[in-house]
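Novice: Pasting a structure here, questions to come.
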Ligand SMILES: NC(=O)C1=CN([C@@H]2O[C@H](COP(=O)(O)OP(=O)(O)OC[C@H]3O[C@@H](n4cnc5c(N)ncnc54)[C@H](OP(=O)(O)O)[C@@H]3O)[C@@H](O)[C@H]2O)C=CC1
Ligand SMILES: CC(=O)C(=O)O
Ligand SMILES: [Mg+2]
């Protein structure tokens, strides 16, 4: 369908000049021309831009895209064409707009004369201007709005500034600010920036996907908004999360922006304050459940493959756990799908634990791990850790699970509660008397690692941290709940209440902590280290399924990035400034695993997977228009 669309455009464009392109957005019109133009086959490599004077992009090259067509041919010059609007439409198209960075020549050839102020600046100066504006805002939410506006105006500038200033801007486009943005999404709403698929679209989900302007989608992040970070049910306003995650796929993992699709499935919300809010953007009723919910989700999953093929990666994000586990189980055998909160989080936390071993000494199997919070993140990590212990120690996963204890909102997960336990908790149920208080659980079981995934701030109290550090020298404390307000403790509290002994990581960013004259850098144990590389790896290998071993490979690859200089600062995760290179390594490791498991379809396998991964990564540097 879209191949025909592209060829039609090129034929029309060449025949009638740039002005004619402006009339070509009606599907009916296009299909008529497509009938006349079946003979022309023109490849589409949307991010490699080269525009001729009639407003048609033409030329070829691999460049920074791994649009499957371009990548699979593996030729330096693959013929293709791409239509780009001229004049004011070009300025209004964020994908191609360069604003005042358009050169005089480009302004002349693309009908921009008079539409811009006379100054011509480079991307660097534009970045400085953006940063100055962003920094001038007092609140992070204002900064978020400014930065997301830029994404809507000038995509390459948005990604360049994000990549070059990732440490400063990640907390704005991602946790913690994205949480507040979701809470107030209706108030700050400007443009949709993703697909909203609601119960009103039942029977027409494929039409929704077909209305999306980009034909070559490779990564979809979808939420139903029921568990947004630790902020609960935010309904349609959860859309901020897929948008933010996909911005990171591009900035950190080098996926082409045009290959990303944020989706929110709206089945209602149980958040009464949103239902009462006149600015709420979603369906104004309680959540649909059961068959009605499942049918819409199923229609969506089927439509994804119909629209984008077998190899489109679907990332489930921030679903409540009663849906998350069963959706993953239901679709993991038929789709290229993973759940970021269960599997991505597991890989990043495992990487942190592996990285901590040189400090704690011993192997993973020598540890006793306590998970405070036994939902998606908690049991996801627990299962992957058990897999790793089993693999390293050549013991069964059942045996490995014995080193793991869970605590949920009712206290320790024990066999006495077995019948009422959710299925994902059952494998870890202990055969001991129930204990409800966290400090008492610690006293009884003496874990060496404590991982918080409760979504409830402040669970690691002074009493809990003091108890946990009372019998060991190197207590490992991960407070993974997001955003910052929901963190089980702050970095400062962790160091203070363990008397500087802890090895600490958090889900949201914390500033370095100085305790008794020594400064510690706080590593961020966030799945943002994993999913961009996972997307890169599955895409470059043409993987058709995601397998747990790919997450183990990703975790091991990430753990290798931690060296002695990091450990000297007790930093278990590298700085995000290094993340693009790290994502390439993770991508190569994931792709390698996909080939090993027979799940890769891109053949022959590239000889140098790392080099190939790097060569495929999107670069936001401006293109020259000819
Ligand atoms: N750092 C990262 O990369 C990631 C962080 N997260 C964060 O983790 C948090 C949880 O997410 P997720 O696992 O998906 O959520 P779930 O709702 O699936 O799990 C939450 C768990 O916490 C338990 N819980 C709630 N209150 C308490 C309490 N006071 N004491 C002990 N346990 C408690 C719940 O108990 P019960 O089962 O009894 O209800 C449940 O088991 C969120 O804040 C999220 O932002 C999530 C993914 C990635
Ligand atoms: C990071 C993430 O995925 C979460 O907090 O849900
Ligand atoms: Mg999440």
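Placement of Cβ uses the backbone N, Cα and C atoms for every residue, glycine included.
TrEMBL lists 151-332 with the feature domain 'Malic enzyme N-terminal'. Residues or ranges marked as active site, proton donor by TrEMBL: 174. Feature annotation from TrEMBL assigns (S)-malate binding site to 227, 482, 526. If you look up TrEMBL, you'll see 245 marked as active site, proton acceptor. Per TrEMBL, divalent metal cation binding site is recorded for 317, 318, 341. The domain 'Malic enzyme NAD-binding' annotation in TrEMBL covers 342-595.
How about a rundown of where these features are and what they're close to?
Specialist: Listed in sequence order, the residues of the same chain lying 6 or more apart from residue 174 (active site, proton donor) and placing their CB within less than 8 Å of its CB are 244, 245, 247, 248, 528.
Note: residue 227 ((S)-malate binding site) has non-local neighbours 233, 318, 319, 320, 321, 324, 341, 376, 455, i.e. same-chain residues 6+ apart with C-beta under 8 A of its own C-beta.
Note on residue 245 (active site, proton acceptor): other Cβ atoms within 10 Å of its Cβ, all shown chains, come to 27.
DSSP assigns residue 318 (divalent metal cation binding site) to coil in the three-state reduction, outside any helix or strand.
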Novice: Highest Cβ count within 10 Å among the binding-site residues 317, 318, 341: which residue is it?
Specialist: 317
Novice: Listed recorded positions are 174, 245, 317, 318; which sit with C-beta under 6 angstroms of ligand 1?
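Specialist: So the answer is none.
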Novice: Quick check: which same-chain residues outside 317, 318, 341 lie with their CB within 8 A of the centre of the divalent metal cation site CB atoms?
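Specialist: Not counting the recorded site residues, we get 223, 227, 228, 241, 316, 319, 324, 339, 340, 376.
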Novice: Can you give me the same-chain residues 6 or more apart in sequence from residue 526 ((S)-malate binding site) with a CB-CB distance under 8 Å?
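Specialist: Correct list: 175, 348, 480, 482, 507, 508.
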Novice: Please list the recorded positions from 227, 245, 341, 482, 526 whose Cβ falls under 6 Å of any atom in ligand 2.
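Specialist: Listed by sequence, the hits are 341, 482, 526.
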Novice: Taking the residues the record says bind (S)-malate (227, 482, 526), how far apart in Å are the two Cα atoms that sit farthest from each other?
Specialist: 16
Novice: For the domain 'Malic enzyme NAD-binding' (342-595), what's the mean pLDDT in this predicted model?
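Specialist: For the domain 'Malic enzyme NAD-binding' (342-595), the model's average pLDDT rounds to 97.
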